[in-house]
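First the structure, in the form of structure tokens, and then the observations on it.
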């Protein structure tokens, strides 16, 4: 018996070692599979990393090339800008130096001429003193006096010409300064617009750069997600295939174990009792009933013998040692199979749980992928909607731009048509802009300013023509000694505005350009002011109503006692009102070129001559010489000339209607009326 027990134990140890070796082999195969999977993952990850590094290197090289190009462009732009600025500054400095040298030369020339004139004046004064010492005959003295006066007049004329030339140069300098100011303003505007556009371009570049960075990052993230998703799919497919094979193997093993378990159950079930055994039991029972009892030892032996017989009958083996060994071997095998079945059941449950988790993970991954796709579709739809909205808005803006452009072109054509219909002076525009067939957008204000000036001139002429009849009627009443209070009063014509002689391109800050209502209101205010002035003149002239001569002399004294007033002129009250309103100065901004003569008033002043036609008024268009009259040089020279002429023996200073009668004077109302028509014709022809 002890030997049988040791043999059974060795067999059980061999079975456990075989089981452990099987477990080790299975674990080794599992670890090898896991190692292969990890090796595949490592290769995929290394490949992905290499691709990402290559992409980043390519992007770095491209950005380096872009940076090099931008640096080259920036250096070129800076050099060009500097050269342009230097060339512009050199040109402006050269032009200014040339202007300075020319003006200095002209100033020196004028100073030399003034010195020469001073020397001649001193010589003539010394000659006059010498002639006065040498008492000659009255005829010689008169002849010398006439010669000296002629010489003085010629010198004064030369001085006036030089001063006019100097004034012309000053006016040209002023116009050039204004042009430079306008060009400087345009340059500043252009630089501001250029700076704004550069800022917008920089902002757009920054936004494009940010969008590129975000798009590249989103692309890399998308590629990474795609790679990970592909790896997960491959891994899931491999694991699913592996799990399916393992499940099939386990299912086969489970079916085999179930069959074995069923077989063992059937084998261990209750059997039918043997008839011999039943007879022996009945015989034993009869013997016990009869009282034939055996000892316990005998009973135990008999029991063992019966059991051994049963086992020998069941197994067909009569050797008890072999029976024990077979029994132990069967028990160990059953125990090992029981343990194996328990382990397989536990591992099957674990695998089923893992399969369930993997299925849930796959379902959640598919759901998240569907959600992500739905979100991407929604974002794509929103972006498409925004793009459509932006396109529609851009089309609307383009249509509005074309509409406004058409309106602007129509406005420019209408302005040009109005410019030609109004017969505006286009010499200033040709001088500034050159002869062009089309109008630029920035030239509209210049055309409108010239049209407005022409409109003011036409309104002035219209008011003058409307009030001419009333003025002649009032002059006739004053000559006849009557007053115009019983008659309806007419509004005096408006005086021309101060900006008629403004240079081209001049633009006032507050009230320029005026609208139609503002222009009418300003004209009405000027008429009201002139009306008050005329009434004040009439009030001052009422005490001296004794004769028409005293009336005309009192009205002529209002013109700061100028001897150039023509006797019997119908326009005496008109010119006196204008001169009084301007403070006694007949400037070119408030009085046009009023000529009471033929050619003696070439400088624009008010002069009278013996051969002039009294009452003839000529309004000339303002030019550069009339604009220069506002500087004070020409006016002073003309005033001095007219004053000297009034003192001379041959001058005709009219003190009233009765002075220096001749063919040129017509002191009657009829003559004044007749010459008023010539005045209106001359004014219309000049305009």
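One-based numbering along the chain as shown.
Glycine is treated like the rest: Cβ placed from N, Cα and C.
As annotated in Swiss-Prot, region 'Disordered' covers the listed stretch 487-511 rather than the other ranges in 462-486, 487-511.
Taking the coiled coil (100-193) as a whole, pLDDT averages 84 in the prediction.
DSSP labels the residues of the region 'Disordered' (363-388) in these numbers: 26 helix, 0 strand, 0 coil.
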